[in-house]
Amino acid sequence: MPGFPKFALRWMTLVSGLMECLCFAGAFTGWTSLVFVLKDEGYYSDLCVNATSANSSVFTDCSAQDSWLSLVYTIGICVNNTLAVPMGLFFDKFGTMAARILVISLYTAGTLMLAFSSADVPILVFPAVLCIILAGLTLMITNIQTSNLFGSHRSTIIALHTGMTCSGSGVFLIVKVLHEKGVSLRSSFLFISACSVIHVLRTFLLLPKTHIPYPLPENYTYGTACCGQSNGTAQEEVGMTPANGNAQEEVGMTPANGNAQEESGKAPANGNAQEESGKAPANGNAQEESGKAPANGNAQRAMERETAPYQPWPRPPQSSAVNGPSFRSCVLSWFFLSHLVWFSACRLTCEFLYVSLNSMITHLADGNVVHVNRYTDAFAIVQLCGALCAPWNGRIMDRNKGKQRAPGEDRCPPETEKEADLRSSALSLFITALLSLLFCVCASIPVLPLQYLTFALQVTCISFLYSGNSALISIAFPSYFYGRLHGLITFLCTFVVLLHYPLMIVVTDILQGDPLYVFVGLTFVTLLSFIYPLFIYLHCRRLAAHRCSLNPS
């Protein structure tokens with residue numbers, strides 16, 4: 001958009017992206033509200049049967065209906081997680097415009113299938129849920145790169161996007177309220193389908209064709225010119241590699257076997273790149289680079305280069321030896337494994353409430369429909385607060401950015417900014433694990449009014465979890481692998497999320513709708529999430545000791 005003020009363009013991109021995450025990308029966080037509407041419309045009502053209670057009274061048992069609707073959501077999440085890897089690769093290779101055109105088509109198809117589904121044709125709900133969830137995740141990822149436009153506030157911006165996505169439950173809550181006022185499900189989803197025009201306009205006017213680079217080149221512009229040509233693509237290529245050609249040091253890359261990665265490569269013609277050797281320090285955990293550093297201090301600047309929470313590269317580097325570790329070494333590192341355990345444990349516990357809420361509230365309210373409706377609405381409203389919680393996590397992770405780093409004790413040199421970012425993230429990870437633990441404990445207490453606190457802890461934990469996941473991937477790993485690493489972690493979590501359905505079967509068929517014992521078990525699972533912050537804390541201490549050992553007095 002030539003001639004348009006750069007400052008205004010960036011803020012329009014940010015604000016419109018946040019609204020897109022709030023109103024569309026995170027819509028399925030409001031699944032519990034949609035379940036209420038689907039049950040009221042009679043979806044899978046043929047699974048309800050008459051049963052006799054202990055006091056010989058006859059009641060309608062719809063546990064099979066609850067299980068089937070839970071299966072819809074679980075399958076949608078799992079298939080979405082499975083396709084996250086190819087979607088990440090597609091985004092990394094073909095760029096923003098191509099990825100968004102694909103997912104906008106999926107999103108529109110999903111909303112249209114929901115619009116034309118009915119109690120007679122409930123099978124359409126399955127592909128509809130899949131399309132909307134998959135498209136929503138990719139829409140969020142394409143918007144997260146906006147954080148590269150805002151300097152030292154990148155972690156806060158990425159947290160805002162994930163927070164807005166986690167707060168997307170308001171869309172289906174509005175659908176539920178309109179349904180109670182007489183507006184049909186078909187009318188609501190036809191309107192949502194028509195809103196896809198807004199996504200298309202944003203794609204061509206407010207986003208680049210490929211990616212927003214980091215570091216951001218001077219006079220960088222993006223969007224579509226009035227004559228129909230993209231004016232941001234060429235400048236995006238400028239920001240692909242560091243200006244001095246130095247290899248990027250990844251603080252978080254500790255291979256799973258505990259040995260340092262051996263890398264070597266040719267220096268660029270300008271002589272600014274460092275030649276790396278595989279000589280590992282005594283502790284075997286940090287990577288030591290050797291080679292002559294230029295007199296102008298490029299080596300030190302390369303070590304201190306700030307890592308953005310989201311740094312997409314238009315294509316993988318030609319030489320992994322020059323540009324950083326390989327994709328295989330990233331996946332086999334202890335950082336990746338511990339990150340996966342942390343994310344999986346927290347996600348299993350916090351997201352189980354999505355599939356068990358209706359059964360849990362029905363059990364605690366003794367089947368009182370008024371109470372079930374009230375608490376379902378309260379849960380959806382509390383989900384809107386995710387946008388207020390996530391930025392606090394971003395501020396925790398950004399708190400060391402832009403600050404003058406204090407010199408180390410005695411003869412130790414100051415820590416690099418990348419190392420400071422990693423150290424800041426340890427507190428964020430610990431808070432997320434603690435929130436997950438408190439949520440499980442609270443959900444295990446069978447007191448109905450206490451569930452308001454359970455809802456608040458759940459949305460706070462989810463907001464911290466997703467914002468921390470996105471930011472940590474970019475801090476600990478090379479930016480040009482962001483899309484595929486994000487997708488791979490999401491895919492591997494599929495095998496954990498699959499546990500939601502058998503756990504729900506246990507709740508409905510064995511525990512008569514009471515999830516108490518399941519939440520007690522999940523409380524112990526949550527303890528695994530404390531491994532990651534402890535690992536990062538110890539890793540940062542090893543890095544500090546290594547810095548001191550490299551600077552003998």
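Placement of Cβ uses the backbone N, Cα and C atoms for every residue, glycine included.
What TrEMBL says about this one:
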type	residues	note
TRANSMEM	12-37	transmembrane segment
TRANSMEM	68-91	transmembrane segment
TRANSMEM	98-117	transmembrane segment
TRANSMEM	123-144	transmembrane segment
TRANSMEM	156-175	transmembrane segment
TRANSMEM	187-207	transmembrane segment
REGION	236-322	region 'Disordered'
TRANSMEM	427-449	transmembrane segment
TRANSMEM	455-477	transmembrane segment
TRANSMEM	489-511	transmembrane segment
TRANSMEM	517-538	transmembrane segment
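Contact check: the transmembrane segment (98-117) against the transmembrane segment (187-207) gives at least three Cβ pairs closer than 8 Å, residues 6 or more apart, which meets the contact criterion. Within its own chain, the transmembrane segment (517-538) is flanked in space by residues 334-335, 338-339, 341-342, 345-346, 348-349, 352, 356, 422-423, 425-427, 429-430, 432-433, 436-437, 440-441, 443-444, 503, 506-507, 511, which lie at least six positions past its ends and keep a Cβ under 8 Å from the stretch. When Cβ distances are compared across the two stretches, the transmembrane segment (68-91) makes no contact with the transmembrane segment (455-477), since fewer than 3 pairs at least 6 residues apart fall below 8 angstroms. Between the transmembrane segment (187-207) and the stretches 12-37, 455-477, 489-511, the greatest number of Cβ pairs separated by less than 8 Å involves 12-37.
Only pairs six or more apart in sequence are counted, and the transmembrane segment (156-175) with the transmembrane segment (427-449) gives fewer than three Cβ pairs under 8 Å, not enough to call it a contact. Here the transmembrane segment (12-37) has Cβ contacts under 8 Å with residues 69, 73, 76, 107, 129, 132-133, 135-137, 139-140, 143, 146, 149-150, 157, 160-162, 164-173, 175-176, 179, 185, 192, 195, 198-199, 202, 206-207, 354, 357-358, 373, 376-377, 379-380, 383, 386-387, 462 of the same chain, all six or more residues outside its ends.
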